[in-house]
Amino acid sequence: MSNQSQWKTSTGFILASAGSAIGLGAMWKFPYMAGIYGGGAFLLMFLIFTIFVGLPLLIMEFTVGKMGRTYTTQIYSKLTGKKWLNLIGWNGNLAVLILFGFYSVIGGWIIIYMGNVIVQALSFKPISLTSIKFEDIISNPWLTVLGQGIFIFLTMIIVMLGVEKGLEKASKIMMPLLFIFLLIIVVKSLTLDGALEGVRYILQPRLHDVSMEGVLFALGQSFFTLSLGTTGMITYASYAPKEMTIKSSAISIVVMNILVSILAGLAIFPALKAFGYQPQEGPGLLFKVLPLVFNQMHFGAIFYFIFLVLFLFAALTSSISLLELNVSNFTKNDNRKRKRVAFIGSVLVFVISIPATLSFSSLSDVKIGAGTIFDNMDFIVSNILMPIGALGTTLVVGQLLDKKLLQESFGKDKFKLFLPWYYLIKFVMPVVIILVFIVQLV
Ligand code: TRP
């Protein structure tokens, strides 16, 4: 994305945008949210929101990107002639800055777990995955700040060198591999004693588990995994080849995200029940449970390490696009500025990320509302800034843009979906998002 060049094929575009969209959201955040808000009931709400709200909004972002073909801090004025509407783009930039701040905490944990396996391997004793204790790791502020610093540093170097394209190529191999690994974990997890209870927990919706909060967080989760409202997907579409097929690209990304989320759930909950954990473990869920599953496999430590590498890769393909969004908006193709802007952006993210990390140790008692600083950063992004960005774009698309031009950008329409989609964006989506805001405030 370092220059305005286009991907040569529609597949290249799908791979790149999927690499950006599929990251910690599906694998780490989905299971932990589902564990807090009712398992199967959360999955069901997430599916409904992702298909009926997320998908139309993703199609909208692709359509806008394809029409506008420029930076997200200019695209709104370019399309409407109104400069102040670029605020929607800036809202996205703010969102990804904060998002990267807490994303890097989790990226850092992955690196620390990798480091742990390496250190054990170097001691030439048998590696014991069960000896890696999540609580010990997160309660060490220096270690976690170091981990997240490394994660941000890696992201910065990749963006500075402008080698994202190479990473996108690598993701052709890494993403399918990660998928295969997830399948292996699911199979192993399902064969554990007591696994069935976990399967039921995540697949069977129990209505009495539905809470208003759960509904709001399920919607936030849909926004988060599909990167909606952060202008990330608009950016990708603005570089896409002319013949990109908006609908099938959006559907692929939605389907992949749903699949990975469900697999992550099936990997974790059966094992969780088998090992006697509670679903409400919070952000540490995946990190606590998976080592126990790998521990039951032959060559478990090696497989676990490879899994961590792939997981880190998935997180990095998202974090580089988080940083790149800000870098490209500030450098505007002037590559002489790239290194400096990437550096300043990364330092800023690092500063923002420190209170997020310390929410798990020295600042764990600092609560705003019911949550820690980390929870609040996530809430501000997933439940406020992302919906605001999406709302702004629905209003622009529904009220200001020319219907004919939209239809052109929407592309071939064998199934006559344009009009239903258009009216959904024009009349229904803004009402839904505003209603959610009102409920949230109350
Ligand atoms: N969808 C990403 C994930 O699931 C997170 C994300 C949200 C993101 N907005 C973004 C990633 C913008 C890159 C760019 O992990």
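Using the three backbone atoms N, Cα and C, a Cβ is placed for every residue, glycine included.
Features of the protein shown, as given by TrEMBL:
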{"type": "TRANSMEM", "residues": "12-30", "note": "transmembrane segment"}
{"type": "TRANSMEM", "residues": "36-59", "note": "transmembrane segment"}
{"type": "TRANSMEM", "residues": "94-122", "note": "transmembrane segment"}
{"type": "TRANSMEM", "residues": "142-163", "note": "transmembrane segment"}
{"type": "TRANSMEM", "residues": "175-196", "note": "transmembrane segment"}
{"type": "TRANSMEM", "residues": "216-239", "note": "transmembrane segment"}
{"type": "TRANSMEM", "residues": "251-277", "note": "transmembrane segment"}
{"type": "TRANSMEM", "residues": "297-320", "note": "transmembrane segment"}
{"type": "TRANSMEM", "residues": "341-360", "note": "transmembrane segment"}
{"type": "TRANSMEM", "residues": "380-401", "note": "transmembrane segment"}
{"type": "TRANSMEM", "residues": "421-441", "note": "transmembrane segment"}
Legend entry - Range from 36-59, 94-122, 142-163, 216-239, 341-360 with most C-beta pairs under 8 A to the transmembrane segment (380-401): 216-239
Inset, instruction - Report, as numbers and ranges, every residue of the chain located at least six residues beyond the transmembrane segment (94-122) whose Cβ falls under 8 Å of a Cβ in that stretch; write 'none' if there are none. - result: 23-24, 28, 128-129, 131-132, 137-138, 143-152, 155, 229-230, 232, 283, 287, 291, 301, 304-305, 308-309, 311-312, 315-316, 318-319, 322-323, 325-326, 345, 348-350, 352-353, 356-357, 360, 374, 377-378, 380-381, 385-386, 389
Inset, instruction - Please work out whether the transmembrane segment (175-196) lies in contact with the transmembrane segment (251-277), by counting C-beta pairs under 8 angstroms that are 6 or more apart in sequence and asking whether there are at least 3. - result: yes
Inset, instruction - Give the one range among 142-163, 251-277, 297-320, 341-360 whose Cβ atoms make the most pairs under 8 Å with those of the transmembrane segment (216-239). - result: 251-277
Legend entry - Beyond the flanks of the transmembrane segment (12-30) by 6 or more, those residues with Cβ under 8 Å of it: 46, 103, 106-107, 167-168, 171-172, 175, 182, 221, 224-227, 232-233, 236-237, 239-241, 244, 249, 252-253, 256-257, 260-261, 264-265, 283, 286, 311, 314-315, 317-319, 321
Inset, instruction - May I ask for the residues of the chain that lie six or more residues beyond the transmembrane segment (36-59) and have a Cβ under 8 Å from a Cβ within it? - result: 30, 200-207, 209-211, 213-215, 217-219, 221-223, 225-226, 228-229, 233, 246-247, 250-251, 253-254, 257-258, 261-262, 265, 269, 279-280, 282, 390, 393-394, 410, 421, 424-425, 429, 432
